[in-house]
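Only one structure is covered here, and it is reproduced in the block below.
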Amino acid sequence: MTVNDATAATVSVEGLVQIYTVDGQDTAALSGVSLTVRSGEIVALVGPSGAGKSTLLSVLAGLTTPSAGRVQIAGHELSGKDVGRLDSVRGTDLAVLLQDVSRNLLPYLTVRQNIELGWPSRLARSIDADAILDIVGIDPKLRPQPLQAVSAASRQLTAIAATLATNPAVLLADEPTSSLTGAEVRAVTDAILRANEELGTTVIAVTHDLDVATALDARIITIRDGRIRMDARGGTTELLVREDGSIPLPDDLIRQFPAGTSVVVVPGAEPGTFVVRRATSEGPQ
Amino acid sequence: MTRLATIARRHRFGHAVLFAVTVCLLVGTASVDPLLTRSFRNALITFHAEQQGVSGSQVQFESGGTSPLSIAQLEKAVDPRVRAVTAAPIESRTVVVSSLKTVQPVRIQSTQDACAHVHLVSGRCPTARNEVMVAQAAVRGNGSKILHLGAQLPVTGSTLWAGDPRLNPRKTMRLVGIFTVSDDNPFWGGTGVGDYAPPTATSTSPTEYWLTPASTFAGKVPTAPQSQTKDAPPGVSWLGITSTVSYPVLPTRLNPQTLPAAVAGVNATTAKLGQQVTVFESLSRIQELTHTDVRQAGQILPFLLVQLGVVLLILLVQVTSYFGTARRGEAAVLKMRGNGTRGVVRFGAEEFLPSYVVGVVCGLGLAYVVDELVRRLWLPGDVDAAWNWTACCAALAMATLVLVVWLVCWTAMARQSISALLRVRPPRTRGARLSMPLAVLGTLCLIGVILTATKNLTGAPVQVTPVLLAGLVALVVGALLTPVAAWLVRRLLARRRAAGALAVAQLGRRAGVVTAVATLVITSALFTLSISQFARGGENRAARTAADLGAPAVINLGTGFDTVSGQALEQAVNSVDPHHRDFSPAVGIASATSESNAILGVVPSDLQRMGLRTGLAQPIPWSALRGGGSTDEPTALAATWTLPANTGSVIQAPTMMDVDGPYRVVGTAPYIPGAGARTLVVNLATMLASGNRRDNVTYQVFSATQNPHRIAQLEDATRKAGFASATVQTETKTRASYDATATAWAMNLSIVVSILSVFAALTSVVLVAVASRRDRQSDLRALRTGGVPRRVARAATVGEFALLTLLGTVIGTATAPLAALLTGPTMLWWSTPPAEPLTRTGFMWPVGVVAAAVLIVLLLVVATVFGLRLARAADKGEGRTA
């Protein structure tokens, strides 16, 4: 198990609570979520519907004001008062890909125009539409086409290209492969992987499809009932040390280490690693 | 961003057009006010200038007597302000002489360019000294034996100016031409050079004009006795030559600025020339007739156009809000790309800037086109178009207001967070709700209504009260719409009326419905009220015209220098109409003072017949005057509007014996047609029997016909009786003068304004439909999924728009009578306060109800057809989605 240093993270969430009020009833969508994501990392937020993953993404994207907790993204602290403060750094530090592809694009523009236009002048100069369209893999023949004339996958790739056009530090993608199938899904995941590889973009994607998470070779964070239940990558589970020194465990580890279990922590073979073992009656080994 | 805005504009060309049209109408409404005000004012002045006829078409400065001023002296003294509104002067010299052959006084006149303004029947134009031409009428009157070409006509100068009759030189004129003159030729300024007035026993006026060249007047004024049997030597002129300089008035140069200046110029000239000069001019009369109208045109039009402006401003808010709502998704995208609020506002500004500019320019152009059409098709006179800086300033002011409204609406949308923008449309409201701005607006409306009801707001500003009242009603309706709709839905559902419940439910929750209903309420109220006022105004003007004259025509007779009598008038009338079928004589004593009243002597039986023909509502007790009473205490009728008299009371008034005397009132009426303020109407026979007064006596003939031939016969008869002139005032002419007033024109214009307002309201309804298109498709999908039959869903859609229109128009038209009740007593019905109690101010129910019904049915049909199309379109949309 590896414990990350939160100060070096691109995204840092600590004790995030999000409460909605529906018909006078308070409902907790997120209950004390803590998370760090390093620069260049790909994170897949997975979980069942209503688990809170889209809410988490919305908070990270600065679209929803958190009820409580601390969120820092790309060096910007999100206070609980002003989510609009992030508007000025969108495009450079933060990009959001919404689930409905049409909400990411301007319908009356062509594929290329959707990349080139709609940016403030401070960002417009740095945009190389062909380069980013190459990265996401859109055929040059499709680039002058109106948006309505291209396939759903191409529209999604255009949306990804548009969000990445200004080379943002973090890409927050909500269900980037929804309503796509087979080869289309692969095209999208390949595009995200290439962007991550070539641009170094940190990606946090919400998906309900584990295959997508796997295809992205992502660190998988499972969210259920508003809590992070598992944070794993290639058999390694990451845990966050809370301010009070406690370490919340995901469900699968809790099953192995039920409450009251005594554990021993010993230095691992590599520097900065530790091995956690259940303590035996003989004492730590 | 500019390129994006350009593409977006092309993609939504309809939005650009709608915005441009809205801006155009608003700017046009604002800028047309100064233009129309100018046109109204100028047309009023031109109309009254033309109404003065040929006799009032010149400003004449006349100098005669023993030491007349020369023409050069007269011209030099004329003020430049007079010359600014007149054409080049016409110089004339005249002298009254006695014709020895006809033994009649004749007027020899030399007028510059006279020959160009007569039609020569025979002979030629006189060119040499002592040559003359005479009118064909004079030849007929005198006989061709006396007046024939080549005739030698000895004349002697008038004795009027000579202390010694022997100073009058004798000269012989030679007749070289016979002419006729068109009566409507303004060159002659109404002088009857082509007429012949038969001599009467008492008349000393010249019977005819002899036109001659200027050389006839050359020479020195005789100072020594002249031979009365031989012609005077060529170097001797006449005594008593009158010099006249006539300046033809150019009506097109008269306007609210030049007219008062010209009147001041006339006064200055008169003061400068002193008693030596007599001035004949109509400019003062024109100013007197128009100054109230001119002032009121500047008050009525702005307030009238404010009504349209308010409706269009509501439409602008709705249009701009709709544009903002339609771009919420784009605004979210732009914000996610790093554009803040300013970026979104800039995007909107760049998209709409061309429409805005086009709208402003076209609005200004539209104002000029409307002004041109109004002047050409409606207003009398030939008022020229002119560039108007005030109109430009008004256009700029409205353009700025539009900009502010757009900026407020757009910024309100752009400032929202991305998550709020992603909701696509604003959240629906529940329950009665009134925002702070609307509450303030409602309070202002209420204050305006209360001020009008308490008569603290009167005159032209009252025209805005119907808008305030309708606005107040609309605000109340808007605030209560949602909860009432919810209540109604529950009731309808309880009665299993699904389609109705759905229609009401949709109506209660659609965005923009409240604005559309408000617009419909205001415009329907304005439309119905305008129609009512238009009809009421026409009725009032017709009644007042009939009351003013008392007959289809009135011939007012001038006495000139001759003395005439009432008996002479009776004889003249009897000579052409013995049974008084067409004409009835009347004699008045116009000497109403603070202590005394005026008298009008009439033939009661004649006026009873003529009064019935004019169709006045109030019966006049003419029969009570039949006896006439005694000459010591004649009976009289009193109009109670200015004479607080009762039947049986005795009132002092002038008599034909030149002193005041008692009159016993035998009948009253609110108003007696033909009788002016503080005038007692008496029996003519009794009046004339009581004395033979001459001063302050007026003569007129009530005519039951406007037949020019019959009236000409009467004019001839009165001239023979010694009356110098006759002015015919017809009902048509009087009505025309009432119709050509700022108040009457404003009532006509209000119809146009209200029709335009109705179109604006229809646009508002269309906007609701377009803006709720996605909502409707979504609703229909949900309804279909929930098992609601397509027929019911379609009926609900049609019902929604029918209800929307019905709600707005019914409440609006129902507001109109209340608005009439509030504003009628204090609004401007007349350009000058009516002197008679003939003005009815209430709602014109028959016309108003018909107008309301037509409007409701028309809009209902339009809404139903529109609703059907929407239902079909929604069905198709649903099909595609499925």
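Cβ from N, Cα, C; glycine included.
Per TrEMBL, the feature transmembrane segment maps to B:300-323 (among others).
Residues annotated as transmembrane segment in TrEMBL: B:344-367 (among others). Long-range contacts of the transmembrane segment (B:344-367) within the same chain, counting only residues at least 6 positions beyond its ends with a Cβ under 8 Å from a Cβ of the stretch, are 1-2, 4-6, 8-9, 16-17, 19-32, 35, 323-324, 327, 330-331, 334-335, 391-392, 395, 398-399, 402-403, 406-407, 410-411, 413-414.
With a threshold of 8 Å between CB atoms, the same-chain residues lying at least 6 positions outside the transmembrane segment (B:387-413) that come near it are 23, 26-27, 29-35, 38, 309, 313, 316-317, 320-321, 323-325, 327-328, 331, 341, 344-345, 348-349, 352, 356, 359-360, 363-364, 367-368, 421. Sequence annotations record features per position, and here TrEMBL assigns transmembrane segment to B:387-413 (among others).
Under the heading transmembrane segment, TrEMBL lists B:434-454 (among others).
Among the features that TrEMBL reports, transmembrane segment is placed at B:466-489 (among others). Through the fold, the transmembrane segment (B:466-489) approaches residues 306-307, 310, 429-434, 438, 441-442, 444-446, 448-449, 452, 501, 504-505, 507-509, 513-515, 517-519, 521-522, 524-526, 529, 807, 811-812, 815-816, 818-819, 822-823 of its own chain, all at least 6 residues removed from its boundaries and within a Cβ separation under 8 Å.
According to TrEMBL, the feature transmembrane segment maps to B:510-531 (among others).
Taken from TrEMBL, the feature transmembrane segment applies to B:745-771 (among others).
Under 8 Å from some Cβ of the transmembrane segment (B:801-823) lie the Cβ atoms of residues 449, 452-453, 462-463, 465-466, 469-470, 473-474, 477, 503-504, 507, 513, 516-529, 532-533, 761, 765, 768-769, 841-843, 845, 848, 851-852, 855-856, 859-860, 862-864, 866-867, 870, all in the same chain and six or more residues away from its ends. Residues or ranges marked as transmembrane segment by TrEMBL: B:801-823 (among others).
Annotation source TrEMBL lists transmembrane segment at B:843-868 (among others). With a threshold of 8 Å between CB atoms, the same-chain residues lying at least 6 positions outside the transmembrane segment (B:843-868) that come near it are 520, 524, 527-529, 531-533, 535-536, 539, 758, 762, 765-766, 769, 794, 797-802, 804-806, 809-810, 813, 816-817, 820-821, 824.
Long-range contacts of the transmembrane segment (B:745-771) within the same chain: residues 18, 25, 36, 40, 297, 300-301, 304-305, 307-308, 311-312, 314-315, 318-319, 322, 325-326, 378-379, 463, 510-513, 515-516, 519-520, 522-524, 526-527, 529-531, 533-534, 537-538, 801, 804-805, 808, 828, 855, 859, 862-863, 866, 870, each at least 6 residues beyond the stretch ends and with a Cβ under 8 Å from a Cβ of the stretch.
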